[in-house]
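As given in TrEMBL:
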- ASP34: active site, proton acceptor (ACT_SITE)
- ASP174: active site, proton donor (ACT_SITE)
- SER7, HIS65, GLY141, PHE142, GLY143, GLY144, ASP174, GLY175, GLY176, GLY196, SER197: substrate binding site (BINDING)
- HIS32, ASP34, HIS65, ASP174: divalent metal cation binding site (BINDING)
Amino acid sequence: MVKIAPSILSADFAKLGEEIKDVETGGADYIHVDAMDGHYVPNITIGPLVVEAIKPITSLPLDVHLMIENPDNYIPAFAKAGADIITVHQEASKHLHRSIQLIKANGVKAGVVINPATPVELLYPILPEVDLVLLMSVNPGFGGQSFINSTIQRIEQIATFRKEHHLDFEIEVDGGINTKTAKQCVDAGADVLVAGSAVFNHANRREAINEIKDAVKG
Ligand SMILES: O=C(CO)[C@@H](O)[C@H](O)COP(=O)(O)O
Ligand SMILES: [Co+2]
């Protein structure tokens, strides 16, 4: 069964707690938290203080996607704040293996993420060490963008590597997920779909999540 990770980037921040409860009761599996620093990406969003504030609101895992420069400087703070999964960009970490080890040393599941223009092969050396691979299907920085179709072949490539090397990390896809792209991603091998605007721009979040889950089955 596919997991849905609503991205709170598209939630109403004036009532963030209610928004998170709404998607939790609506059937979400993770809460996706997009942390942006205005340097690595051209937008500024959420820091450890917000993660700490939402931690008691939900029993779902907090899936923290770091879009920040020098991620090692902030991994301990996000872990302490309550992140359950921390994902670092291959492009933003100066020493990727060290970043992954640092996440694990802080007692958190470790993920690696790559942008649409980064060759998937660059991840191969780190794949035996990670719990999750996040493939960006838009350029990071904003919600509400269109899905980049070449992502499908990239999911297949990572899924093939996972099978051939008997690994068990989850494959997550982030950006432009809707009922159509969701099915394509899952057919290619994705386990977790981040959905920001598709869930939070829908008046009924349960319906939005069910529509994606049903589309994947159909
Ligand atoms: O990391 C990011 C954007 O950088 C995402 O998590 C988006 O927030 C997903 O939003 P939608 O494309 O689903 O609206
Ligand atoms: Co994200």
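Note that Cβ sites are derived from N, Cα and C of the backbone, with glycine treated the same way.
Distance between Cα atoms for HIS65 (divalent metal cation binding site) and SER197 (substrate binding site): 16 Å, as a whole number. Between the CA atoms of GLY176 (substrate binding site) and HIS32 (divalent metal cation binding site) there is a gap of 14 Å. Proximity to ligand 2 (Cβ under 6 Å from any of its atoms) holds for these recorded positions out of ASP34, HIS65, GLY141, ASP174, GLY176, SER197: ASP34, HIS65, ASP174.
Comparing the binding-site residues GLY143, GLY176 on other C-beta atoms within 10 angstroms of each C-beta gives the minimum for GLY143. The Cα atom of GLY141 (substrate binding site) lies nearest to that of ASP34, taking the recorded positions HIS32, ASP34, ASP174 as the candidates. Long-range C-beta contacts of ASP174 (active site, proton donor), restricted to its own chain and to partners at least six residues apart, with a cutoff below 8 Å, comprise SER7, HIS32, HIS65, VAL113, LEU134, LEU135, MET136, SER137, VAL138, VAL194. For the recorded substrate site, residues SER7, HIS65, GLY141, PHE142, GLY143, GLY144, ASP174, GLY175, GLY176, GLY196, SER197 set the reference point as the centre of their Cβ atoms, and the other residues of that chain within 8 Å of it by Cβ are LEU9, SER10, ASP34, VAL138, GLN145, VAL194. Compared over the binding-site residues SER7, SER197, the count of CB atoms lying within 10 A of a residue's CB peaks at SER7.
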